[in-house]
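Peer 1: Quick one: the structure is below, and I'll ask about it shortly.
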Amino acid sequence: MEAIWLYQFRLIVIGDSTVGKSCLIRRFTEGRFAQVSDPTVGVDFFSRLVEIEPGKRIKLQIWDTAGQERFRSITRAYYRNSVGGLLLFDITNRRSFQNVHEWLEETKVHVQPYQIVFVLVGHKCDLDTQRQVTRHEAEKLAAAYGMKYIETSARDAINVEKAFTDLTRDIYELVKRGEITIQEGWEGVKSGFVPNVVHSSEEVIKSERRCLC
């Protein structure tokens with residue numbers, strides 16, 4: 001029987017507090033925008049299936065992390081078991097962009113010996129008139145770290161699907177090439193799920209009769 005999903009990828013969404021991590025995830029997983037969103041305390045969990053090719057689905061397990069310093073010791077524990085991540089900054093908040101380097105360095109320390117595929121996300125692009133970070137400098141920073149760059153808006157649903165699906169496809173290609181593998185004790189990538197098939201007693205009897213012929 002065909003698998004419900006081919007692989008499960010665990011993703012983590014990181015960045016400073018108030019950059020809009022929870023809003024972006026809820027727009028992607030629930031299709032809605034929350035005008036008022038309470039700060040994440042520790043870590044929240046979401047999931048969604050994504051079809052990357054016809055008939056090929058990936059289950060995304062998405063961890064929404066708190067950006068406040070007092071919760072960092074909790075969120076660091078989730079780095080190691082993630083295979084991919086969105087690193088968010090707010091295009092209207094230059095400080096959140098300047099802190100991208102710090103987030104990447106922290107992740108690098110705690111993810112060993114595994115790797116995380118990141119996409120850099122400039123969020124709140126609907127507020128372009130208040131922009132404090134140019135697209136050019138964001139693209140330059142992303143290139144320096146070997147990341148893709150994309151600008152999104154949870155409020156206006158701009159590039160939200162693309163951010164998650166592009167990241168998923170990048171990870172999938174690495175898995176297909178054998179550069180990322182399923183490993184015991186690591187939750188980043190898991191193999192697909194095939195549901196158990198319960199046969200009726202009549203079907204079992206017919207099968208047994210065929211075997212006796």
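Glycine is treated like the rest: Cβ placed from N, Cα and C.
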Peer 1: Labelled phosphoserine in Swiss-Prot - which residue from Ser37, Ser191, Ser201 would that be?
Peer 2: Ser201
Peer 1: If you check Swiss-Prot, which stretch out of 26-34, 35-43, 125-133, 134-142 is marked region 'Switch-I'?
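Peer 2: That would be 35-43, the stretch labelled region 'Switch-I' in Swiss-Prot.
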Peer 1: Highest CB neighbour count within 10 A among the binding-site residues Lys21, His123, Arg155?
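Peer 2: When each Cβ's neighbours within 10 Å are tallied, His123 leads.
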Peer 1: Would you report the average pLDDT that the model assigns to the region 'Switch-I' (35-43)?
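Peer 2: Across the region 'Switch-I' (35-43), the average pLDDT comes out at 57.
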Peer 1: Cα-Cα, whole number of Å: Arg155 (GTP binding site) versus Ser22 (Mg(2+) binding site)?
Peer 2: 12
Peer 1: Measure from the CA atom of Ser22 (Mg(2+) binding site) to the CA atom of Asp126 (GTP binding site) and give the result in Å, rounded to a whole number.
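Peer 2: With distance taken Cα to Cα, Ser22 (Mg(2+) binding site) is 17 Å from Asp126 (GTP binding site).
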Peer 1: Counting Cβ atoms within 10 Å of each candidate's own Cβ, which of the binding-site residues Asp64, Asp126 comes out highest?
Peer 2: Asp64
Peer 1: What does DSSP say about His123 (GTP binding site): helix, strand or coil?
Peer 2: strand
